[in-house]
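Listed in TrEMBL:
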DOMAIN    324-528  domain 'ABC transmembrane type-1'
TRANSMEM  28-47  transmembrane segment
TRANSMEM  67-85  transmembrane segment
TRANSMEM  100-117  transmembrane segment
TRANSMEM  124-143  transmembrane segment
TRANSMEM  177-197  transmembrane segment
TRANSMEM  313-331  transmembrane segment
TRANSMEM  364-386  transmembrane segment
TRANSMEM  440-459  transmembrane segment
TRANSMEM  465-487  transmembrane segment
Amino acid sequence: LCGSQFWNSTETWYTNTPDFTPCFEQTALVWTPCAFYWLFVAFDFYYLKASLDRNIPWNKLNVSKALVNLGLLVITALDLIMALVKKGGDSELPLYDLDVWGPIIKFATFLLIFLFIPLNRKYGVQTTGCQFLFWFLLVVLTIPRCRTEVRLDSERQKILSSEQPTELDFSWEEYQFASFFIVFTFSCLMLILNCFADGLPRQTKYQRGENEIPELSASFLSRITYQWFDRMALKGYRNPLEEKDLWDLRPQDSCSEVMPIFAHHWNQNVRKNYRSKTRVEPKAQFSNGHVTFENPHGEKNGRKKGMASIMPPIYKSFGGVFMFGALMKLFTDVLTFAQPQVLSLIISFVEDQEKDPQPEWKGIMYSVLLFVLAAAQTFILGQYFHRMFIVGLRIRTALINAIYRKALRISNSTKKESTVGEIVNLMAVDAQRFMELTTYLNMIWSAPLQIGLALFFLWQQLGPSVLAGLAVMIILIPVNGVIASRIKTYQIRQMKYKDERVKLMNEVLSGIKVLKLYAWEPSFEKQV
């Protein structure tokens, strides 16, 4: 592939001065960020499709990105040409696969990113996380090669200084040295440029006001660190927050965006419960503040098959964001158990210093790795809860809207079956329970995974003693089941009391004049 050894444990691990092989630095450490971007580029296409804004004007930021990226394309293409010229044909230098495929892979990746610059501008995407992570990984993973190139260049300079001066010739090694540091410099510039969000779009689906949430215009780095929220936190620290201090809701989370999607899938779900001669796909539109449903209950000559469930429309409407959050939860659980393993390596490193001393750089690497894992877990966990709260908010919005719409359309005979208190509790309490449930719903699969990993790692440390703790957990399962059953019974009974209380309060407010005239306040107060 590159004419030298790909991996050498003696140079990398069993040494006091660790270093990667040149082949590893030029392949694995460069192609890993490229593979990452090609793997997750689908997210960039999704954000283009889901964007509600259009037409970001050309400005210093996106023009700088385009020029620097164009420079990377020119240098990468020049690398391929110089490799064919310097090492091809009758040259004494052998032409390896890396000399050809290395520039091609980088050129394809840079070209894809370059194409996204005008696309993001056209579709109003102000920041993209995949590109920021690509440049971050590329810069970080290229740092080891910087050290190698500087060391090799200093060795070449010593050799040249000891020899007699000859005719000046720009060697292949010198070209590689210059080309690498130009690409590294441009990559650092692209990383810095991607730390900032692009300008405001000219065309927006919803009018942006002065009190809009800063998250809409925040960069990816600002979003993962929640730097856009600092202003609100500082204002709340200085003075108590009031309603006027709060930002507007994001358009993506508003009822005008959430309800049409939910209504469409709900209509589809209702139609599946009716057998009809003609099948027409249901439609839902949002105009002038009203959701319009097309024949949500099927044709009159249709025959009902069963009760429509609320869960399939929820899955189809909000399942995508929820599954992405579940993936974040998986990464968080894995990082949670990775940290004790690194801590175990640190303990082993300290204990072995007396018997079999190890190089000091290994202890430093373990400590840095522990910090990186803890920081990554914090970032991912924060994003997980953020997305789960957003999904819960959207579900609550859709349910409250659907219940309120149904309450306005039911017939008088149906109204007798449900009290005002029950309807109010459905919107105020039950819909809120869905929001609270969403945040911890992933514990259905996450809890067994955590238990299994904990038992596996504890078995390695404690052996069969782990079974005692497992036995206690198994014994507590039926106890927890009984407690949960009793709680469910009490909650159902409590909901009935809430329904009666709301109904009574509605009667009190409706007949407040009579209640005042007869001085019935104390007796009704006791009933409430």
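These residue numbers are counts, starting from 1, taken along the chain as shown.
Glycine residues also receive a Cβ, built from the backbone N, Cα and C atoms like all the rest.
Sequence-remote contacts of a segment are chain residues at least 6 beyond its ends whose Cβ falls under 8 Å from one of its Cβ atoms, and for the transmembrane segment (313-331) they are 258, 261-262, 265-266, 268-269, 380-381, 383-384, 387-388, 390-391, 394-395, 398, 438, 441-442, 445-446, 449. The transmembrane segment (67-85) makes no contact with the transmembrane segment (440-459): fewer than 3 of their CB pairs lie within 8 A, with pairs spaced 6 or more apart in sequence. Ranked by Cβ pairs under 8 Å to the transmembrane segment (124-143), the stretches 28-47, 100-117, 177-197, 440-459, 465-487 are led by 28-47. Remote same-chain partners of the transmembrane segment (465-487), defined as residues 6 or more beyond its termini with a Cβ less than 8 Å from a stretch Cβ, comprise 451, 455, 458-459.
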